[in-house]
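> The structure's right below; bear with me while I get my questions together.
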Amino acid sequence: MALTVCVRHLTGLPGTHDRQVRLCFRGFTQKTRKIHCGREADVGELFRWPHYGSPLAGESLSVQVVNCSRVFSPRPLGTLVISLQQLQSAGHLVLREALVDERLRVSPIQVELDLKYQPPEGAAGTWAEEDFGTPIRDSLELIIPNVGFQDMEPGEAQLERRAVALGRRLARSLGTQDDEENELELEPELEEEPDVEISGVVFSPLKSRALGLPRGDPFKVCKAQDFQVGVTVLEAQKLVGVNINPYVAVRVGDQRKVTATLRGTNCPFYNEYFLFEFHETRLHLQDLLLEITAFHSQTLPFMATRIGTFRMDLGMALDQPDGHFHQKWAPLHDPRDTRAGTKGFVKITLSVRARGDLPLPPPPPCPGTSSDIEKNLLLPHGVQAERPWARLRVRVYRAEGLPTVRTGLLGSLARALHDQNVLLDPYVRVSFLGQQGETSVRGEETAPKWNEQLSFVELFPPLTRSLRLQLRDNAPLVDVALATHVLDLRQISNSGRAAGFNPTFGPAWVPLYGSLPSGRLRDDLQSLNEGLGEGIWFRGRLLVAVSMEVYEGRVEPKPSQTTQRSGLSRLTGKKKKKKEKTRQGQTPAGILQPASASTSEDAPEIPSAMEVEVEDLLPLPENALASFEDFLLFGVLFEATMIDPSLAKKPISLEISIGHAGRQEEQSGQGSRADEGSESSTLEVQPLLESEDRGAGQEEQELLGTPAQWPEPVDGNGPYLCLPLRHRKPCLHVWSCWEDYTWRLQSSNSVCKVAERLDHGLQEVEKMQRRSGPGACTRLKQTLEELVAGSRQFCHGAERRTMTRPNALDRCRAKLLTHSLNLMARQGLRLLRSLRLNNMQRTVVLAKKLLARLRFLAQEPQPPLPDVLVWMFSGQRRVAYARIPAQDILYSVVEEERGRDCGKIQSLLLTVPGAAPGEVCAKLELFLWLGLGKQAKACTSELPMDLLPEPSSGLPQSLYRDDFRYFQLRAHLYQARGVLAADDSGLSDPFARVLISTQCQTTRVLEQTLSPLWDELLVFDQLIVDGRREHLREEPPLVVINVFDHNKFGPAVFLGRAFAAPRVKLIEDPYQRPELQFFPLRKGPQAAGEVIATFELIELDYSGHLEPSVPSDVEPRDLASLVEPISGHLSLPPSVRPVLRAFRVEVLFWGLRGLGRVHLFEIEKPQVVLEVAGRRVESEVLPNYRENPNFTELVRHVTVDLPEQPYLQPPLSILVIERRAFGRTVLVGSHIVPHMLRFILQGHEDPQEEEETEEETRDLVPHGPQGEKSLPEAGTSRQLLKAPLKKLTLGLLGQGPELEEDIPDPEEMDWWSKYYASLQEFQGQPSSDDEMDEAGDADGTHLISGDREAQEQGETDSKVSVPRKKAIATLKIYNSSLEDEFSHFEDWLSVFPLYRGQGGQDGEGEGASGHFVGKFKGSFLIYPESEAKSFSEPQISRGVPQNRPIKLLVRVYIVKATNLAPADPNGKADPYVVVSAGKEQRDTKERYIPKQLNPIFGEVLELSVSLPAQPELTVAVFDHDLVGSDDLIGETHIDLENRFYSHHRANCGLASQYDVNGYNAWRDAFRPSQILAGLCQRCGLPVPEYRAGAVKVGSRVFLTPSEAPPPDDRKPKVTSEASEEAQALHVLRRWQEMPGLGIQLVPEHVETRPLYHPRSPGLLQGSLHMWIDIFPSDVPAPPPVDIKPRQPISYELRVVIWNTDDVALDDVNPLTGERSSDIYVKSWVKGLEQDRQETDVHFNSLTGEGNFNWRFVFRFDYLPTEREVSVRRKPGPFALEEAEFRQPAVLVLQVWDYDRISANDFLGSLELQLPDMVRGARDPEHCSVRLALDGAGPRCNLFRCHRLRGWWPVVKMKDMEDVEREAREAQAGKKRKRKRRAGRPEDLEFTDTGGNVYILTGKVEAEFELLTVEEAEKRPVGKGRKEPEPLEKPNRPKTSFNWFVNPLKTFIFFIWRRYWRILVLLLLALITIFLLLVFYTIPGQISEVIFSPVHK
């Protein structure tokens, strides 16, 4: 099925250049190699294209010849466009044609082509000669233009396109990093190859009828399970507030927990762990809200002030690897003030685990710095730290087709009284990230119109995945949910850079689904209306639109014009009542405002608070949506079988519906336009077989259901029923009217086809890999080629696809799909080019990621059509249903856009609503077709030709047939594996029922087995298969295999169901022998094993005169030879049965452990029976199990015939029985080993498979050494668990220039020094004296693997650099149990758990753990019997120690526990450890640790254990209670026996380096040389030879490092004996590299073991950090290692406050207006708030200067390694004991203003981390606010320098008072600034990342002195200025403001600083006095002047 083109020859080429021929067909371009030639060129290359089964008529092939150049772009020489219509009819053409140049002239260049066409069905098309009747008058008419051909893009245009793309990437601020990396990484490929090259792609056919699980899969249900949400609140930083008392509240769902309250700090440290448990479905858990809120505690608890809140849903955490956020900072924002910026950060660790998840304990938390907050935020990958505010607008317009029946008590009473439907009062509730908004209530309407907009304010992008729309009924008593729809924000938005867009949706209809409308008082399926599960009933649809507006900048607040009617969580308002409802047309015009009217030309303003606003909208215009079109849903019921026998009493009918159309209760099928009147709702659809328009009187009568028929039993021996549909097939057709948005679903179907081909190909590849057969790499290559070709075809087709009435989401989604598929084609091409045999697994993993992306893109968020519901009626009652997406059956003219099930017979499984998962009520074979009414003619085109419609004028009412084609089905059932146990014995009596069509047959019953080997052939004769004969190969019928457990006294118990597709053999097809396949069994959502079988569907031959018979080429044709003489069953034919080969199975019987009671009796004489392939191997009967549970006869063997293929070999069954009196046997337990591959003798492989593999990979793997190297496979969660435990730097070794100070004295180091150095090493930041590679070069040597002859002689000339010895020895830290690292120590002794009872070993959850009855310890070895003759003794006994009792000394080292589950009501626990083995028990109850969830134990417990009596060690953590019994927190179990006997030597770990004494003294009972000698003796090697710098072991030579001097040049006395021990230790640590004999030995380690509780299996209860040492009692054991916790060192910190300067002046003199402050300093160490100290008050400081000379003295306990202060105090007022709390060593300095009457005013603060504090400035002039920044330098460690003095700034966050003061100063226009305001702005204030401004409010001169308590007692000092060593009183007056005592100072501050003002005032006063005197004397002088002459 392909077009093949061979380019043979080129002639007439100009000049000599590099030529290349390019061929383009349907948008796919392929190129030849570059040929350097002259005028002629021989090409000789072959190319192939797929055609998807569509004809070539109208298609063309474009051929172009270009000149290639290394510098310039390719220059085209000529083009030829060939029509392929003649090729379609001829099948083969040889052409020699001339090319046409750019000016459309015939050029002299000619090309010779050989074209071949392979049609899809082997027949070519027809040639339409009339299409070529026009005579050709010009040579130009030879050219057929190709509309899809485009000229090559010139260089300028390509450069411009890249510039535009780069500009878009830079302009867009949001996007995922992965997308950008992919684009940038593929950019060079785009420059070299503008088109993707593919060749020879043949697309695989897509199966629909029997593809895996059918469409009506009842297993896809929501199953509730147990989840744990763990939240560790570590610390908070940069909390906004002044002298706050913060605590953090964590809320998950409805559960809320709070931390302790810390006083007077903005950077509290908590380290508290909270555990939340839920029993929910995963879907519901994703929607739960995580809310982290910081509060400022007040005097009364309910008066706490909110600082900030962080919200996200748990779905974000589930999307992370392992559902884990580790030590991330959650940014806090105030919902009431969105303009305030970030309010602080809370550092948390978040984990979400389900039952059974692999434990991933986080590293122990430690206080971190705030320097990397912005780079380590609690945000998903790709989300930027700076998130702007955004407004999400949800526009709710109207609803249609709502239910008319109210449920509940009042609805039932109303219907009983009035006998009529009770209309609803609907309203819509929208939920978004904890916020809820509601529309108004529309009373008693089924088609309400709201036209309202709900606005939500949230940060962008929002940390949620869902937007929930819920339609509710405003009932009188309690509101009821009618239906729920969840919009996935990931589907309506994209964060990519190239095709990203903000959340947008609609306007579009949202379909609503829920439960069946019932009149009962209680709806059992009400959860479906709440959105918990898939709805089973169409409840109407809702017209909504969603948009999001992002605010980029900060805008000043403006008065809002909208009315707020609802608020956060419905606290600020209530929804409208009925009396407030507003009907359309009654709203005043002035009030009705469209949403877009509020937008103006100005930038939108940021809302002031997170409030939900409700606004009115204008109705949506009439032409906003697409026009209505008539749709036809056509169906034909071919088969109804597998019907439950309980439905036999009533007739059965069937109904299909889409929306409301098609329901038997609905008389009108026009639900979508029912409210528009009868004229508009009249259906005008063309009849099926008529081209004229339908008249009103010729409308079709809808068939709303099939005729009721009585069911009949199926043929055969099955209990099922079926409907008699042999001759007549009923038809169903439903007309409905919807908006025509079918192009949405067609585009989605195209993506689905690409995904389905990729999925099908990957499944086949995995099957081939499972069988280890050839062809897997070739099939993977073909799959990737199909991916590339399908993606490119979609991109080319998207350019021609038209969209009618698209909205914003449609346009954005079209761009996204084109970009994503284009990118996926390039990624697939990259995988295709890099595909090799050694990286196949990695390629499959990457291809699965592409598949997941394709499936996500294929989901249409705006479905235009509701789903199709198929209902089965029993009488008048609905009993079963199936829901089919309309997308799957939608018709399109283009095949790629057609639904996968459209026009095909599909298998549907009907399930009962609300039934248990896995229950199937019926199976249907149904033909469905959905399309436009104008395309109705095509609905019957895909029906089988032998079906004839009944005579009618329109659509057929039913189809009938007279002639039948008969088939024979041969069901070859070989075996089943892993079947569930159904009997109390832990076994089953399984049999299988095979059902196809209306026939059912049953296999024989095999008793007491979980792996039945039926080896049976079931033959179904005279089988009628519906469907087109030519489509049966691709669409075979479905075969159902039901496995049951046979009960003698009762019905059979269902065990599982599998589905299979038979291989179809038509008469003309050659016969192929079938191969056995695996079909998984499932029981609901639970895996129930697998069936190995194969099925053949053979068409019977009609050529004879007698009855139809099997064709002659079928083998075997006669089945009589397969009949078994005893049972009468047919056995498998030899061609199907696997080829058997004699194998020897050797069994090692070691012993039984932990057997419990059976039927209330103790086990006394057990025996082990092994069954494999019908043969049994029995062990001896233990004479007394209690005294010695080990077997004395260890090895037995048996010869069995097993299949040569390992994947077909049967499982091994292990049965443990007990021999009781009178010959009775009782089954104790059983175990099934499903695969025997791990027990096959190493080195035995199938030579035939090796040859085939070599032949297959010869062309795929490059030759040479590069092809032999294997790439690392993709990591798994198990590999992640094996990664070393990491922790933040603890500073034991220091960094930078202080490194030399950090090298401690070996005499001062202990085990904890080694432990913390190991933590630092595994963090990936080794110190300068430890620069070795962690992957295996820690000792600086390599295993010599040079020339083989040199290796045999033990010589080598390689040189290895020898590093110096580590300053501190380290150990290995595992963050999982040691068993996970070393395969459970089952290298030669395996442990098989025994189960008994129903459920077996494959049960889930609590049921599985309840069936455990003991363990069998042993092993197996399988190898061909032909090789057994060459062995003198059993191979399994090699290296097996003696099986005798032995006594051991076990030392259990308990380091600490992390994240323990709380056991007390206060959220804490009082843990202690209990270690037990049998009756031996040790505990630390007397040394329990109160009120801790992360206790540090440091305990060593010793036990004397004897094997095999006490093989298991139990380590449990209990909670100590004063009253009552202690509670178990969790426990872990360790198999001591396997550890002791393992070749990994797990009894005592190997140290990293050899030391005789000290903290790293050798602690094993044997020296390294003795251990190495013992290994050589066990492996048959000679004694190792020690040389200078090398050790020879066998034929290998290890280079070993010599003892290099330490870095301080100390010359140790190293003896030759110690040197040999160090060399032997080096060889032991690299023992795994010994060829054939090497195995990794356990190093010195600390393992992390998960703790579980028996009542909650699978749920992690914490982690225990520990290790154990095991020593034989006959060897003297070394002394135990001291791991007692380090006691904190008591320090005394002396802080002298000398002076302050530039302190903010907070008080104002009411008389003079002068500002001043009464300064005093307050200080304390965090965690010791009760020891808070204050200086005296410096009153009336007018310059900010203060003089104190005051000493603070603080005593605290300090842990140097952890850098924490240890505080012991009672956690509460009612606590009886003190608990230990740890805080970072931080000193707080605060400057306050003293007030006599009101509360004191806070001026500023400074927090200094004592281990890492900034050095102070030398003088106040150089002290700026920069010293208060994070990471300011230079820095020092006060615990090392011990004494420090300087000036430090105190800062304060700018508040409104500071802003007002600055505004007043600016308005006053002061010319002289104070001294403290002088300087640059960056020295006075700074802005943090949250936008908060901090200002400099003063400077403090202080002196710090740190002493140990012993030193302090030798030189005591007094507090304040007291003795001893008193400080002088400061040089300040007693009263700073006294005009008489201090007149000079008064003069300075009140006269001198204002002398200009005083002079001006004096001058004005003099002038005023002068004027007053003038005016006072003027009248007298005037009168005197006037009257003086008179007197004279």
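Placed from the backbone N, Cα and C atoms, the Cβ positions cover glycine too.
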> Taking 691-710, 1291-1310 as the choices, which stretch does Swiss-Prot tie to region 'Disordered'?
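When 691-710, 1291-1310 are checked in Swiss-Prot, region 'Disordered' belongs to 691-710.
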> If we check Cα distances from D1519 (Ca(2+) 2 binding site), which of the binding-site residues D1795, S1798, D1801 wins as closest?
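Out of the listed candidates, the nearest Cα belongs to D1801.
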> Hey, how far is S1798 (Ca(2+) 3 binding site) from D1521 (Ca(2+) 2 binding site), Cα to Cα, in Å?
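So the Cα of D1521 (Ca(2+) 2 binding site) lies 48 Å away from that of S1798 (Ca(2+) 3 binding site).
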> Starting from the Cβ centroid of D1464, D1519, D1521, D1527, the recorded Ca(2+) 2 site, name every other residue in that chain with its Cβ within 8 Å, sequence order please.
A1463, A1469, D1470, F1518, H1520, D1526, I1529
> Round to a whole number and give the Cα-to-Cα distance in Å for the pair D1795 (Ca(2+) 3 binding site) and D1464 (Ca(2+) 2 binding site).
45
> For D1801 (Ca(2+) 3 binding site), write down the residues of its own chain that are at least 6 apart in sequence and whose Cβ falls under 8 Å from its Cβ; none is a fine answer.
D1706, W1792, D1793, D1795
> Using the Cβ centroid of D1795, S1798, D1801 as the reference point for the Ca(2+) 3 site, which residues of the same chain not in that list have Cβ within 8 Å?
D1706, D1793, Y1794, I1797, A1799, N1800
> What does DSSP call D1795 (Ca(2+) 3 binding site) in the simple three-state scheme?
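It is coil.
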> Which ones in the same chain are close to D1464 (Ca(2+) 2 binding site), with CB under 8 Å and 6+ residues apart in sequence?
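In sequence order, D1470, D1519 meet the Cβ cut-off.
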> Report, as a single number, how many Cβ atoms besides its own are within 10 Å of the Cβ of D1521 (Ca(2+) 2 binding site).
12
> If you count, for each of the binding-site residues D1519, D1795, the other Cβ atoms lying within 10 Å of its Cβ, which residue has the minimum?
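Fewest other Cβ atoms within 10 Å, among the binding-site residues D1519, D1795, is found for D1795.
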> Name, in the order they occur in the sequence, the residues of the same chain whose CB lies under 8 A from the CB of D1527 (Ca(2+) 2 binding site) and which sit 6 or more residues away.
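Spatial neighbours, sequence-distant, of D1527 (Ca(2+) 2 binding site): A1463, F1518, D1519, D1521.
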> Count up the helix, strand and coil residues in the domain 'C2 1' (1-97) according to DSSP, in that order.
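For that range the per-state counts are 6 helix, 60 strand, 31 coil.
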> Going by DSSP, how much of the domain 'C2 3' (369-502) is helix, how much is strand and how much is coil, in residues?
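Output for the domain 'C2 3' (369-502) reads 13 helix, 54 strand, 67 coil.
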> Test of understanding: give the count of other CB atoms lying within 10 angstroms of the CB of S1798 (Ca(2+) 3 binding site).
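So the Cβ neighbour count for S1798 (Ca(2+) 3 binding site) comes to 6.
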